[in-house]
Each structure stands twice: as structure tokens, then as C-alpha cells.
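Accompanying notes for the structure given below.
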Amino acid sequence: MKMKHGDIFTVRVAGLYVTALLDPNSYDAVLQDSVTLDFTRYAQVLMERIFRLSLPSHNASAEKALMRRHFQGESLTCLNSIMKGNLQSLLLRSETPQDRENWKQDGLFNFCYSLLFRAGYLTLFGAEKNNPNRDSSAIYEEFRKFDGLLTKMARNTLSPEEKRTTSSVQQQLWSLLSLGLHGKKAEDMSWLQSYLQHLQEQGVDEEMQRRAMLLQVWATQGNVGPAAFWLLGFLLTNPDAMNAVKMEFNSLSWQVDSPQHLPLDKLQNTPVFDSVLNETLRLTAAPFITREVLHNTTLRMADGQEYDIRRGDRVCLFPYLSPQMDPEIHKEPQKFKYDRFLNMDGSEKRDFYKGGKRLKYYTMPWGAGKNVCVGRHFAISSIKQFVFTVLTCLDLELCDPDSSMPKVNASRYGFGVLQPMGDLQMRYKLKGTF
């Protein structure tokens with residue numbers, strides 16, 4: 001469609017007229033307009049379809065302000081520290097001495113998703129104090145079933161059997177998440193207590209609060225594991241990239257007696273890893289940014305052209321197509337290049353162009369504007385800690401050295417980080433020094 005119609009066109013989808021805008025130089029015309037273009041109505045539709053969640057008095061701005069307080073500054077530092085402990089506990093301390101020397105085989109996607117989900121859940125939602133690993137594992141298993149049907153829920157395309165499965169899984173997750181909240185102290189989970197108080201002040205009943213917990217689990221855990229899978233997969237199938245990241249991590253771990261003891265602030269200066277993460281997300285982050293048109297208005301493009309859009313229609317940005325996969329912006333966009341976001345001097349590259357103009361948006365994995373992902377800094381830190389721990393503490397290799405990356409599950413376009421069709425088989429064991 002882009003090749004045929006250019007950077008803006010309107011299509012009819014499921015009875016709705018949707019104007020697709022694919023010129024990143026013009027994105028601010030949509031992102032900065034909160035008067036005629038609305039995000040919350042479509043978000044409420046998805047909340048109802050996916051989570052069976054109804055929040056009539058939902059105040060997105062107030063909720064984001066609340067989350068922002070808990071996912072930056074000292075609160076973020078505290079969360080990162082707790083996440084580090086949970087990752088190390090799950091990855092390094094949960095095995096018997098006899099098992100530590102044996103190779104274990106797993107699918108890379110399951111390995112990454114499971115560990116990051118469970119560590120993230122323990123960090124943000126707490127767990128049963130008697131057996132936290134069992135608690136997080138049960139929720140992970142049910143969540144994977146739920147996540148596997150998420151796109152069909154959003155599109156209203158579930159079969160009768162899938163509807164029964166979805167209902168059962170939702171009930172199980174609501175029950176597990178409800179049990180996990182009992183007995184928690186406010187100081188243990190300040191962000192969660194603040195969120196629950198926010199819901200209560202809006203008159204949300206206890207049942208809807210349970211359903212809102214599942215929404216927050218998906219929002220905080222649904223993309224981190226898949227992103228780590230793609231990143232490690234690209235490293236395992238690109239030896240030059242793997243060597244570059246290992247060299248950077250080794251230069252940090254040599255400063256301490258063990259990688260486990262590396263202070264978190266030492267992981268701030270990692271330009272090679274940061275480039276690899278940016279490149280991974282450029283290739284795999286594919287959310288739709290959708291707005292509902294509240295009033296007839298005119299969309300003004302960066303090149304001076306104007307387009308009328310009608311009340312009741314929708315406007316959709318798809319940054320995956322442009323800027324992320326636009327060959328004018330990123331040469332050979334289908335190819336993984338670990339140093340794409342590095343300058344010759346090793347600093348972060350931020351200068352990318354389209355139509356001779358320097359771009360404000362050259363990759364948009366976290367969204368942009370007022371609806372940029374509030375938890376992105378925690379997500380980035382979690383992925384970095386996970387990859388650092390895996391590469392410095394484990395021997396990790398593909399079962400088949402000639403393996404290639406699996407194809408993308410096309411049904412996931414529009415819903416955050418993409419997921420693979422199938423998996424990438426690998427094996428791992430603790431390094432001899434651990």
C-alpha cells in the first residue's frame with residue numbers, strides 16, 4: 001500500500017475508515033493533537049475485549065502521572081536492584097550442585113520469556129513468601145496461554161473452543177493474581193499499592209481491580225521476554241555482534257571479583273549493547289499507534305500537503321514500516337547490523353534522515369509523545385541485566401550451529417514486540433567459576 005499510495009492513505013477495515021500515516025516527519029501532527037484525536041476510546045475497547053475490563057472513569061493522564069513517579073528516579077533504582085536479585089536467584093541460585101555442571105536444553109524464546117516474566121512479576125507484584133518460584137511459575141504458564149490468544153481477543157476472532165479456553169485462563173489468572181495481593185505491605189510494592197488506591201478512588205470495584213491486575217501484568221511483562229529472545233537470537237546467529245557485546249561486558253566484569261557483584265550504575269555506559277538493543281527493537285517492535293477522530297479536522301503534513309479526516313474515523317501510525325523498515329532511513333533495513341546505532345567514534349548515533357530532513361523519530365519501539373511507554377527505563381534495565389547475567393555467568397550455544405532465526409508470527413503485528421513462529425533451540429550451563 002505504501003509503495004502504491006505513498007505516505008498517507010485511507011482504507012476501510014471492519015467497517016471503519018482508517019487513515020494510515022507513514023511519514024515520520026509528520027507524526028507530531030498526530031502525536032501532539034489531543035483535542036481532535038483521542039487515544040483513550042480505542043484503548044477502552046481493547047481493555048474490554050482482551051481483559052474484560054471496564055473502567056468508565058478511567059483517567060489515563062492521572063494513571064500515567066502515578067506510574068511515572070514510581071518508574072523513575074530513586075523508585076526506579078530500587079526496582080532495578082530488586083530485579084537484579086530476582087534474576088540472579090532464578091538463574092544462578094535455584095539449582096542443586098549436581099545440576100550446575102550439566103548442559104540443559106531449552107527453546108531460547110521460552111528461556112527468555114520465562115525468566116524475565118517470573119523475575120519481573122516477583123519484582124513488581126510480589127509472590128507467596130513460602131514459595132515464590134512456584135507462584136511465579138504458575139502465573140507464567142497461565143499467562144502464556146492467555147498471551148497466545150491475545151491477538152484473536154483483540155480482533156474478535158476467537159472460535160467457540162478458544163472462547164472457552166480464554167474464559168478459563170482469565171478466571172485462573174484473576175484468581176492467582178488476587179491471591180498474590182493478600183498480605184502485602186505497602187512499602188513492599190509502593191507502585192502497586194498506589195495503583196490500587198488510584199482505582200479505588202475512581203470507584204472501581206474489587207472484581208475489576210483483579211482484572212486490572214492482569215492488564216498491568218501484560219503491560220509490564222508482555223514485551224520484555226520476547227525482546228530479549230530476539231536480542232540473544234541475533235547475537236547467537238551473528239558471531240561478530242556476540243563478540244563485540246561480550247568484550248564490552250567483560251571490560252565491566254573485570255572491575256569486580258564476580259559479575260554478580262557489578263554495581264548497577266556500571267551498566268549505564270554500554271554503547272555497543274545499547275546499539276544492539278536499538279537494532280533489535282527496530283526489527284521487532286511493531287505496535288500500532290491509533291487515534292480516534294473526535295471532530296472533522298485537517299491533517300497537515302511536513303511537506304505542506306493537507307488532508308481532511310472525518311469525525312468517527314481513525315488515524316493509525318505504524319512506525320515499524322516507517323521509520324524502522326524504511327530503506328531511505330536505514331540502509332538494508334531487513335538486515336541485522338549490531339553497530340547501526342553507533343558512530344565511528346563509538347558514541348550513540350542519532351542522526352538519520354528522510355527527504356533530506358533530520359528525523360526526530362528514526363525508531364519508535366516505545367511509542368512517542370504523551371503516550372510514550374512510562375516503564376521503558378525499567379524494561380531496558382531488565383533486558384540489559386538479563387543479557388549481562390546470561391553472557392557472563394552461563395555457557396550458551398545453539399544446539400545446531402547452522403540454525404537461523406525463526407520467522408515472525410504475522411498475527412502479532414500491531415501488538416508490541418513481535419513473537420516467533422517456533423523457537424530457537426539452545427543449550428546452556430553455568431560457567432565453571434559459579
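Using N, Cα and C of the backbone, Cβ positions are placed for all residues, glycine too.
Small disclaimer: the values here were computed from a predicted structure and weren't measured.
Per TrEMBL, the feature substrate binding site maps to R49, L55, N223, R314. Look at TrEMBL and you will find C373 tagged as heme binding site.
Remark: L55 (substrate binding site) has Q44, M47, L199, Q202, V204, M208, A212 as non-local neighbours, by Cβ distance under 8 Å and separation of at least 6 in sequence. Reported as a whole number, the C-alpha separation between R49 (substrate binding site) and the residue listed as 'heme binding site' equals 21 Å. Between the binding-site residues R49, R314, R314 has the most other Cβ atoms inside 10 Å of its own Cβ, all protein chains included. Annotation for the binding-site residues N223, C373: lowest Cβ count within 10 Å of the residue's own Cβ, C373. In this structure the alpha carbons, written CA, of R314 (substrate binding site) and C373 (heme binding site) are 21 Å apart. Binding of substrate is attributed in the record to R49, L55, N223, R314, and the widest Cα separation among these residues amounts to 25 Å.
Cα spacing between N223 (substrate binding site) and C373 (heme binding site): 12 Å, rounded to the nearest whole number. Secondary structure at N223 (substrate binding site), as computed by DSSP, is coil.
According to its DSSP assignment, L55 (substrate binding site) is coil.
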